[in-house]
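The following features are taken from TrEMBL:
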TRANSMEM  12-31  transmembrane segment
TRANSMEM  98-116  transmembrane segment
TRANSMEM  123-143  transmembrane segment
TRANSMEM  149-167  transmembrane segment
TRANSMEM  197-216  transmembrane segment
TRANSMEM  228-246  transmembrane segment
TRANSMEM  293-313  transmembrane segment
TRANSMEM  320-342  transmembrane segment
TRANSMEM  348-367  transmembrane segment
TRANSMEM  374-390  transmembrane segment
Amino acid sequence: MKAWPFFLKNIFFVIIACVVLLYSGYLAVAFSSQPPLDAHAFRQTQTSLTAYWFIHEGFKVFYETPVGGPPWVIPFEFPLYQMIVAFVSKFFSVSLDATGRVVSYVFLLLCLIPIVSINKKLGLSGSVLFIFVAVTFSAPTYVYWGRSFMIETAALFFAIVAIKYFVDFFYDSKSLKAISLFVVFSSLSILQKATTMAPILCFLSLVFLIDVLNKAPSAKMISMGKRVFIGGLCFVVPLAIGVLWVDATDKIKLLSPLGSQLTSAALSQWNWGSVSQKLSLGVWYKLVWERSLVTNIGAALGLFILIFPFFVGISRKVKIIIACSLALGLLPFLLFTNLHFIHNYYQTANMIFFMYAVAISLGEVVLQQLGRAVAGLMLFLVVASNFIQLDQNYLSQIKKTFGGENRDIAVGGILKRELPRGMQFVAFGNDWSSSFSYISQRKSFTVPKWFAQYDQVISDPEKFVEKGLLGGVVACSPERPNVADLIRWSSDGRSWKLGEVHGCLIATPQRTFDVKEVQQANCRGGIDSAMIEDRSGYKVVSFAGWVAGSNVQDIVSDSVFVVLSTQDSKLFYFEALSVPRIDVNKKLELPSSVDIGFSRIIAADLKPGEYEVRIVRQSAGSYQMCQMTKNINIHDYDVN
């Protein structure tokens, strides 16, 4: 194939491929610093948390994902991707968030290298590659999840390389290089993400078996037996490695109370799905029509492109290749139905095979049967449909910024500020998501509602972190633990403050106010509320507002105290929790990371009477009594 004549002949395909590739690359790089709190933040922060602790505590085979309490180890996949991300981030001193996203996208790009080789070995035309690039890199599944902080594209890359060496082995069964590298990359893929490679191994073993049976009549018994033995090893070894890894991780998980509920046996139904689910037309409609065809391949047009080759007179080889691609796309839905139904990012593992079938159909069939103009028009319409889907469903997420208005950023930022390094926290109401732990850069036991010892953690959270290192308790649950639970616990031989942000209660140790000299000051801010509330049958007094210094050099407070004074001038000091106030930050032109607001909740167990509420702020070692005041009356019926 001569380069220039080919490019000129396929100029339309080349231009679309280049434009699409540049745009997807722009989105991947331009918004790479976004924290992994966009779609499926649970999984993204779990991956990023592991990479973070690799950087700070070194690599471990049975790695820490410190969100489930000591001993912090709840391994699932072998952490190849996390290792690479941690190394690149630390070596080049670049943001972990950006590194994770860019490395993910690079793995997606690298998939093109083995695909070029596969195309050449299968004897496909050069136009197939450019059509494949245009369809794949415009598909919302790959534009979005290809730049996520997840292992998906790494597992996919290893799988595609394994397929490349399977094709080499298929055409030359004596190639030791092809056999060895197929085993290596199959093993890497299954270790990185078993649900990506397992369906591929199943299908390729079937293809291998059919090929052996087809050649059996003409093959010598010894030769056929040798091929079956070698081929069998190619599939057994990666599967055995995957099984051994799962068995080892299950044993490690049993060391943790939470991990014991996350073994492969415990998650079997969750992973495989039910028989009724596999037979449900509604499930298949969602997976095949909505997630695959509508979102990524132009809906009805994509369906036409996929089935058209089977109704026209083309070579049997092309039909078989397209059929194999479709089977590789559909088999993961059949095997891991529930995972694919619940998580739309799982389609990263198999959507590429639908894209490949579309590329072959357009480049090898439509182009020959209906002409270059029709093939070009169809490609343009598929890409246009993909960009419409991207704009409607994903683009806003890609461009989304996260600041104090986001719950996880707010809670994580507060914990990072309040807890010294090495201290840990317990969190409720966030499932067992790693988002608080990752943003705060602190180890935690984030307790899911289904945890068998949930009530024990509420009663005695210290037992579920390392001894003497509990520095915070977070409760975002509408149920228990509630305000009463936290106030009773924090006042039981402890001196902890309690505040609230985005519906989450946060308790941390409070500083005692023992300062004799307090200056009068004109502060900016206000006491927005000082009220008695009934929280689930328990009476509390809650305070909220914001406070800042009067000059530019002294805006941010080091700490804030709520002061209650009685008519006989008796003073009660309560340290408040500094919380985000994005509206004030915009007004004062402060970064969203600065917490200018305050919150404090106390039990309504004060002596009935009238109290004046004032604010003391600490800044640069001095304490300032601000001029703003508010009055609150506490009656007998307000007291618990």
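Positions of Cβ are set from backbone N, Cα and C atoms, glycine also.
TrEMBL does not curate its annotations; it predicts them automatically.
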Restricting to CB pairs under 8 Å, which listed stretch, 98-116, 293-313, 320-342, is in contact most with the transmembrane segment (374-390)?
293-313
Under 8 Å, at least 3 Cβ pairs, sequence separation 6 or more: does that hold for the transmembrane segment (98-116) versus the transmembrane segment (149-167)?
yes
For the transmembrane segment (123-143): best-contacting stretch of 12-31, 149-167, 293-313, 320-342, 348-367, by Cβ pairs under 8 Å:
348-367
Have the transmembrane segment (320-342) and the transmembrane segment (197-216) got at least three CB pairs under 8 Å, pairs 6 or more apart in sequence?
yes
Long-range CB partners for the transmembrane segment (293-313) (under 8 A, at least six residues beyond its ends), listed in sequence order, are 135, 139-141, 319, 322-323, 326, 351, 354-355, 357-358, 360-362, 364-366, 369, 378, 381-382, 385-386, 389, 393
